[in-house]
2 protein chains.
Amino acid sequence: MTMIDGQMVATQIKQQIAKQVNELAELGVTPGLAVIMVGNDAASEIYVKNKQQVATDLGIEANTIKMPADTTELAIIKKIQILNADPAVDAILVQSPMPTHINEQNIQAAIDPSKDVDGFHPYNLGQLVTDANEYYPVANTPRGIMRLLKWYDVKTTGKLALVIGRSILVGKPMAAMLTNADATVITANSQTKNLDELIAIADIVVVAMGKANAIDAQKMKAGATLIDVGINRLADGTLVGDVANKNNTNLAFATPVPGGVGPMTIATLMETTVELAQQHVAHGND
Amino acid sequence: MTMIDGQMVATQIKQQIAKQVNELAELGVTPGLAVIMVGNDAASEIYVKNKQQVATDLGIEANTIKMPADTTELAIIKKIQILNADPAVDAILVQSPMPTHINEQNIQAAIDPSKDVDGFHPYNLGQLVTDANEYYPVANTPRGIMRLLKWYDVKTTGKLALVIGRSILVGKPMAAMLTNADATVITANSQTKNLDELIAIADIVVVAMGKANAIDAQKMKAGATLIDVGINRLADGTLVGDVANKNNTNLAFATPVPGGVGPMTIATLMETTVELAQQHVAHGND
């Protein structure tokens with residue numbers, strides 16, 4: 001069994017991004033990423049700081065806009081409208097989770113689809129489902145997973161892929177990408193019965209439940225590939241994924257936690273930011 | 001085994017629509033449906049004539065716009081823009097298939113999402129995938145199927161649903177609707193291997209392949225429900241579905257062809273037209 005090295009692939013992607021940033025610099029363009037953070041979620045603070053640092057390292061102009069936890073939906077939407085109109089901003093990210101009084105659907109729908117770096121806007125989701133020919137941004141976690149599958153030459157055509165979870169962040173766009181890549185796709189959720197039966201027949205299993213060690217890798221079939229999206233902190237401080245018992249399996253490939261999907265998500269976020277900047281150059285809005 | 005009576009359910013829905021049309025008439029509003037037909041496809045001629053007739057019977061103002069087979073994409077888009085701006089038009093339908101020189105994605109994306117009676121616009125598809133709270137139109141064939149499942153009290157929560165086909169007309173929106181209805185959903189396509197294995201474990205099978213008698217109903221499990229979307233004409237003139245051997249099964253429910261899904265699609269098309277008119281009244285554009 002090969003453990004997938006997300007850190008290594010992410011590093012390769014970041015080298016590619018640095019080149020593209022240089023090419024844009026020759027045109028006098030600096031890709032701009034705006035991150036909106038509402039409230040003081042401790043995990044979000046770390047994620048946002050990390051995004052800011054990686055962006056800066058790559059030559060992307062990143063700005064984090066912090067708003068207090070009691071900010072109204074309207075105030076966030078007004079801030080987004082200002083960023084939509086700002087030619088220095090190519091990409092807008094709203095850090096999840098928002099405080100509970102905020103309807104995240106309304107927030108995502110307020111972002112200009114051409115600056116929607118997470119691909120959560122309905123228009124971009126629809127483009128993904130349609131498998132449109134023109135450029136559109138997609139969610140960065142499933143995008144990163146598709147990159148890992150490609151890097152390790154895991155075939156998708158005609159394969160049975162099981163996606164456990166149906167969030168807009170991971171499960172739903174993941175299922176759409178795998179369908180577009182000619183896989184037969186099962187979307188499971190918290191109501192699913194006989195999950196073990198599905199796990200036992202799938203060639204590719206993507207687990208995005210957010211529940212420590214909820215799935216047993218030993219139940220997967222020989223030669224299958226496991227993608228573990230979860231990242232959960234146990235009481236003793238250890239970070240674990242959603243899947244237990246990855247070692248000593250007959251799997252072909254599996255992602256570790258940490259060091260699997262996580263590093264890819266931040267790399268593809270930067271990649272999408274640069275692509276949006278390239279699109280803005282191509283369409284003359286930058 | 002109960003044969004699902006799509007004609008009967010469609011008749012009930014049409015009675016409901018007639019009431020809603022009367023309510024709109026009291027407000028001085030007549031729902032308007034514009035159908036664009038490019039070229040002279042014989043089957044399309046029949047479908048469009050049928051839609052026009054049903055609309056008229058229900059008090060919906062339907063207009064069919066015929067354009068020659070060599071019409072350019074731009075000319076169709078210009079026609080759509082005129083209809084988008086026309087307050088008498090609540091719903092715009094572009095009859096498929098278009099001539100091969102036309103990119104149907106571009107045509108669908110030109111329709112005002114608030115007049116997109118087929119739900120094929122990326123924005124509306126994205127709303128469906130998001131499972132948005134606000135009103136959005138959805139594709140009428142899967143919408144009709146969901147109505148049939150509800151009418152016959154076929155539960156979806158926690159059930160394993162297999163959708164064979166991944167078109168924008170049926171398979172993809174069907175999978176999204178079943179996911180939103182808490183089913184575990186398998187989307188199969190022409191590349192799928194071991195289809196029989198999936199058919200044997202599914203509680204609900206929706207077949208939209210467009211291939212006469214391609215699936216054998218006897219391979220489904222006892223108590224399952226079969227929805228046959230296909231409508232194929234054999235050399236001897238007989239109409240058949242995509243699924244053979246429906247009689248003498250241990251299925252709970254199955255749709256016949258004709259008389260199953262077909263009558264529902266036209267009823268839900270009219271229902272969506274009326275809903276779009278109601279939306280335009282509510283939002284003051286009518």
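In case you wondered, yes, glycine gets a Cβ from its N, Cα and C as well.
Taken from TrEMBL, the feature NADP(+) binding site applies to A:Gly165, A:Arg166, A:Ser167, A:Ile231. Annotation source TrEMBL lists domain 'Tetrahydrofolate dehydrogenase/cyclohydrolase catalytic' at A:4-118. For A:140-280, the entry in TrEMBL reads domain 'Tetrahydrofolate dehydrogenase/cyclohydrolase NAD(P)-binding'.
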Self-check item: Summary of DSSP states over the domain 'Tetrahydrofolate dehydrogenase/cyclohydrolase NAD(P)-binding' (A:140-280), given as helix, strand and coil counts
Solution: 52 helix, 28 strand, 61 coil
Quiz item: Quick one: DSSP breakdown of the domain 'Tetrahydrofolate dehydrogenase/cyclohydrolase catalytic' (A:4-118) into helix, strand and coil?
Solution: 61 helix, 19 strand, 35 coil
Quiz item: Out of the binding-site residues A:Gly165, A:Arg166, A:Ser167, A:Ile231, which are near chain B, with a C-beta less than 8 A away from one of its C-betas?
Solution: A:Arg166
Quiz item: If you measure every Cα to Cα pair among A:Gly165, A:Arg166, A:Ser167, A:Ile231, the residues listed for NADP(+), what is the largest value in Å?
Solution: 17
Quiz item: What residues, ordered by sequence, lie under 8 A Cβ-to-Cβ from A:Ile231 (NADP(+) binding site) and sit at least six positions away in the same chain?
Solution: A:Leu239, A:Gly241, A:Val257, A:Pro258, A:Gly262
Quiz prompt | Chain-internal residues near A:Gly165 (NADP(+) binding site), provided their CB is under 8 angstroms and they sit 6+ positions away | solution = A:Gly171, A:Ala188, A:Asn189, A:Val206, A:Val207, A:Ala208, A:Met209, A:Gly210, A:Val229
